[in-house]
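A.B. asks: Annotations per Swiss-Prot:
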- Cys40-Cys51: disulfide bond (DISULFID)
- Cys43-Cys58: disulfide bond (DISULFID)
- Cys74-Cys85: disulfide bond (DISULFID)
- Cys77-Cys92: disulfide bond (DISULFID)
- Cys108-Cys119: disulfide bond (DISULFID)
- Cys111-Cys126: disulfide bond (DISULFID)
- Cys142-Cys153: disulfide bond (DISULFID)
- Cys145-Cys160: disulfide bond (DISULFID)
- Cys176-Cys187: disulfide bond (DISULFID)
- Cys179-Cys194: disulfide bond (DISULFID)
- Cys210-Cys221: disulfide bond (DISULFID)
- Cys213-Cys228: disulfide bond (DISULFID)
- Pro39: hydroxyproline (MOD_RES)
- Pro73: hydroxyproline (MOD_RES)
- Pro107: hydroxyproline (MOD_RES)
- Pro141: hydroxyproline (MOD_RES)
- Pro175: hydroxyproline (MOD_RES)
- Pro209: hydroxyproline (MOD_RES)
- 1-18: signal peptide (SIGNAL)
Amino acid sequence: MKRIFIVALLFATCLVNAKPSINDADIKREPEPNVAVPPCGDCYQQVGNTCVRVPSLCPSRKREPEPNVAVPPCGDCYQQVGNTCVRVPSLCPSRKREPEPNVAVPPCGDCYQQVGNTCVRVPSLCPSRKREPEPNVAVPPCGDCYQQVGNTCVRVPSLCPSRKREPEPNVAVPPCGDCYQQVGNTCVRVPSLCPSRKREPEPNVAVPPCGDCYQQVGNTCVRVPSLCPSRKR
């Protein structure tokens, strides 16, 4: 009896293992009932419950204006194309600005001519610039080398062939030093008065002994090349 039970148990186990397995690919999920799928917009096509974009359904992107939106009129140089203002250069060949109405235009000054509401400079109206002095203005006398022409002082080189400055009157002129000679109130250097420059030492001043290559002449050290035929350190 025990043997029959074991055989039956083995047979049942074989039947259970022989049952075909269910693949995940064979499992299908049905959509929930009563679920509304929204319609697909432009450029999209509904495939099952999914919206797939199809470029051929929207060859170019365009945006329509909101309904009942007032489009302002286009200004100068622009033309309305649909709801857009497009600039057309032929509608405005040149930029010009009209003055405000009832605006007084001041008269144009010298060298200028009024053209409409604009002052245009005309060189022929002012061949040379000149400025007249204020009336009743005293003009100071011109100095040396200058000649008064109208209200202006003009420099004339022939009136001052050489520049010279006279000293102030009653000013003591110090005596000229060595190598200089007094000419009027000026000291002029004369090289013949100082053929060689030499400086005498102060009295009672000890003169240090001269170093190599030098020989003492009076109170001065004079360099003698024969005393140092080659430089050595």
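Just so you know, the numbers here start at 1 and follow the chain as drawn.
The backbone N, Cα and C atoms fix where each Cβ goes, glycine too.
Would you situate these features in the structure and describe their surroundings?
C.D. replies: Counting every protein chain shown, the Cβ of Cys51 (disulfide bond) has 16 other Cβ atoms within 10 Å. The DSSP secondary structure for Cys51 (disulfide bond) is strand.
Take the CB of Cys43 (disulfide bond) and look out to 10 A: across all protein chains shown you find 15 other CB atoms.
Neighbour count (other Cβ atoms within 10 Å of the Cβ, all protein chains): 16 for Cys74 (disulfide bond).
Cys77 (disulfide bond) is surrounded by 15 other CB atoms, counting those within 10 A of its CB over all protein chains shown.
In the three-state DSSP scheme, Cys108 (disulfide bond) falls into the coil class.
If you draw a 10 Å sphere around the CB of Cys111 (disulfide bond), it holds 15 other CB atoms from the protein chains shown.
Within 10 Å of the C-beta atom of Cys142 (disulfide bond) sit 16 other C-beta atoms, taking all shown protein chains into account.
Secondary structure from DSSP puts Cys160 (disulfide bond) in coil. Long-range neighbours of Cys160 (disulfide bond) (same chain, six or more residues apart, CB within less than 8 Å of its CB): Asp144, Cys145.
Within 10 Å of the Cβ of Cys176 (disulfide bond) there are 16 other Cβ atoms, across all protein chains.
Annotation for Cys194 (disulfide bond): spatial neighbours Asp178, Cys179, criterion Cβ-Cβ under 8 Å with sequence separation of six or more. For the recorded site, Cys194 (disulfide bond), the DSSP three-state label reads coil.
Other Cβ atoms within 10 Å of the Cβ of Cys221 (disulfide bond) number 16 in total over all chains.
Its own atom aside, the Cβ of Cys228 (disulfide bond) has 13 Cβ atoms within 10 angstroms in the protein chains shown. In the three-state DSSP assignment, the secondary structure recorded for Cys228 (disulfide bond) is coil.
In the three-state DSSP scheme, Pro39 (hydroxyproline) falls into the coil class. The Cβ of Pro39 (hydroxyproline) lies under 8 Å from the Cβ of Gln46, each of which sits 6+ residues away along the same chain.
Sequence-distant neighbours of Pro73 (hydroxyproline) (same chain, 6+ apart, CB under 8 A from its CB) are Gln80. A coil conformation is recorded for Pro73 (hydroxyproline) in the three-state DSSP classification, outside any helix or strand.
Taking all protein chains in view, 8 other C-beta atoms sit within 10 angstroms of the C-beta of Pro107 (hydroxyproline).
Counting every protein chain shown, the number of other Cβ atoms lying within 10 Å of the Cβ of Pro141 (hydroxyproline) is 8.
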A.B. asks: Do you know offhand how many angstrom separate Cys58 (disulfide bond) and Cys153 (disulfide bond) by C-alpha?
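C.D. replies: Cα to Cα, Cys58 (disulfide bond) and Cys153 (disulfide bond) are separated by 86 Å.
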A.B. asks: For Pro175 (hydroxyproline), which of these recorded positions sit within 10 Å, Cα to Cα: Pro107, Cys108, Cys187, Pro209, Cys213?
C.D. replies: Cys187
A.B. asks: With Cys77 (disulfide bond) as the reference Cα, tell me which of the disulfide-bonded residues Cys40, Cys85, Cys176 is the closest one.
C.D. replies: Cys85
A.B. asks: Looking at the disulfide-bonded residues Cys51, Cys74, Cys119, Cys126, Cys221, which has the shortest Cα distance to Cys92 (disulfide bond)?
C.D. replies: Cys74
A.B. asks: I'm trying to understand the geometry here, so how far is the Cα atom of Cys108 (disulfide bond) from the Cα atom of Cys210 (disulfide bond), in Å to the nearest whole number?
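C.D. replies: Computed Cα spacing between Cys108 (disulfide bond) and Cys210 (disulfide bond) is 87 Å.
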A.B. asks: If you measure Cys228 (disulfide bond) to Pro141 (hydroxyproline) at Cα, how many Å is it?
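C.D. replies: Approximately 70 Å lies between the Cα of Cys228 (disulfide bond) and that of Pro141 (hydroxyproline).
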